[in-house]
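J.: Got a structure for you, questions after.
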Amino acid sequence: MGNNVVVLGTQWGDEGKGKIVDLLTERAKYVVRYQGGHNAGHTLVINGEKTVLHLIPSGILRENVTSIIGNGVVLSPAALMKEMKELEDRGIPVRERLLLSEACPLILDYHVALDNAREKARGAKAIGTTGRGIGPAYEDKVARRGLRVGDLFDKETFAEKLKEVMEYHNFQLVNYYKAEAVDYQKVLDDTMAVADILTSMVVDVSDLLDQARQRGDFVMFEGAQGTLLDIDHGTYPYVTSSNTTAGGVATGSGLGPRYVDYVLGILKAYSTRVGAGPFPTELFDETGEFLCKQGNEFGATTGRRRRTGWLDTVAVRRAVQLNSLSGFCLTKLDVLDGLKEVKLCVAYRMPDGREVATTPLAADDWKGVEPIYETMPGWSESTFGVKDRSGLPQAALNYIKRIEELTGVPIDIISTGPDRTETMILRDPFDA
């Protein structure tokens, strides 16, 4: 039996993690975010009602679940307050269900200003960040000048630290980027206005998780973005600023690494990517447009159109290695309904003609990489909302089986629609 279950994306994000986390939290006592910030966009549809969460864990809608934001998450007080208000306006008692690590780095206005100034300065070489200050906040953390939730307990010292760090960043903004300085007093006043709310939710997350483990409580760890955006293992520099892989669970929450029992990789039935960066199977034809339209591939956070392409099992195999995946949840299978044929990328052809079965590491090494495809018959029948494996067309079952063969990982869950009821759980991670 797996008490500590990790749910993470195996591609470039947007795989459908939010729905699956929400579904599986029916049995969980805690749901933990361990990396990223409000650059994530988790969309839940329950009884036809849509909820988009960016920072608060997807378990917040469950009455008997405690949601936790771990130390690996960079926390924007403004974004958190906005999200809390939206949920509280709908009658959800967020403050009774949400806990924070005091070690969460804070995202403040100057981080956002830096993020946008840098993207503007990069011009055509822009990374395609969400412009929400995520990267600069992680930089401050590593440089040991960042302000954290725990600093808010001593307001006088916080004000002094803020003044010092803002002098540093404003100098950079004005003199290097030729941008406007950020107003110190406004940042201080805005942060102080919510300081007591934030500190009232602080808990020792590592200790809480260890006690939960000893009691045998079920805990779900909710990843943001996807494996191929990992700061260390992704398509650098076109990556996010955190560890999106399973290793980030231990460092971003304080759970001992030996206590992870099951890692569920969310796998979209095709590939998508937002922003710049390598994408060997990207489609620029009618099929690419079809996938975008049928899959409603527009970012929950930015509204940007996602790039679309065939499923890349070479890249997914890298995710299998990095995360020691226990099983997959296959999502958006229904988007492929109606295609005469479906393709799987099974290898890459390098510019020198070599065939390789593993992904390059740096973004520059992906240049000129061509996908080698295996083509399979598609299906005309609808898989939307199918709740039993026997109801799937044979061609869809063949597609699922081939993914399992190419990756060496079983597909334990199949999602056939956005609602939590439109799901087949073949093997429950908490029972694995």
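Each residue, glycine too, has its Cβ placed from N, Cα and C.
Found this in Swiss-Prot, in case it helps:
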ACT_SITE  D14  active site, proton acceptor
ACT_SITE  H42  active site, proton donor
BINDING   13-19, 41-43, R306, 332-334, 415-417  GTP binding site
BINDING   D14, E15, G16, K17, N39, A40, G41, H42, T130, R144, Q225, T240, R304  IMP binding site
BINDING   D14, G41  Mg(2+) binding site
BINDING   A300, T301, T302, G303, R304, R305, R306  substrate binding site
J.: A 10 Å Cβ contact count, applied to the binding-site residues K19, R305: which residue has the minimum?
T.: R305
J.: For G16 (GTP binding site), which of the listed binding-site residues (N39, T130, G303, R304, R305, R306) have their CA atom within 10 A of its CA?
T.: none
J.: Secondary structure at L333 (GTP binding site) (DSSP, helix/strand/coil)?
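T.: In the DSSP reduction, L333 (GTP binding site) maps to helix.
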J.: Going by DSSP, is K19 (GTP binding site) part of a helix, a strand, or coil?
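T.: Where K19 (GTP binding site) sits, the three-state DSSP reduction gives helix.
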J.: Going by Cα-Cα distance, which of the binding-site residues (K19, T130, Q225, L333) sits nearest to G303 (substrate binding site)?
T.: T130
J.: When the Cα-Cα distance from L333 (GTP binding site) is computed for each of the binding-site residues N39, Q225, R304, which gives the smallest value?
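T.: The answer is Q225.
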J.: Are there binding-site residues among N39, T130, Q225, R304, R305 that sit within 10 Å of G13 (GTP binding site), Cα to Cα? If so, list them; otherwise say none.
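T.: Cα filter at 10 Å returns Q225.
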J.: Indicate the candidate from T43, T130, Q225, T416 with the smallest number of other Cβ atoms within 10 Å of its Cβ, considering only these binding-site residues.
T.: T43
J.: R306 (substrate binding site) to the residue listed as 'active site, proton acceptor': how many Å between their Cα atoms?
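T.: Taking the Cα atoms only, R306 (substrate binding site) lies 9 Å from the residue listed as 'active site, proton acceptor'.
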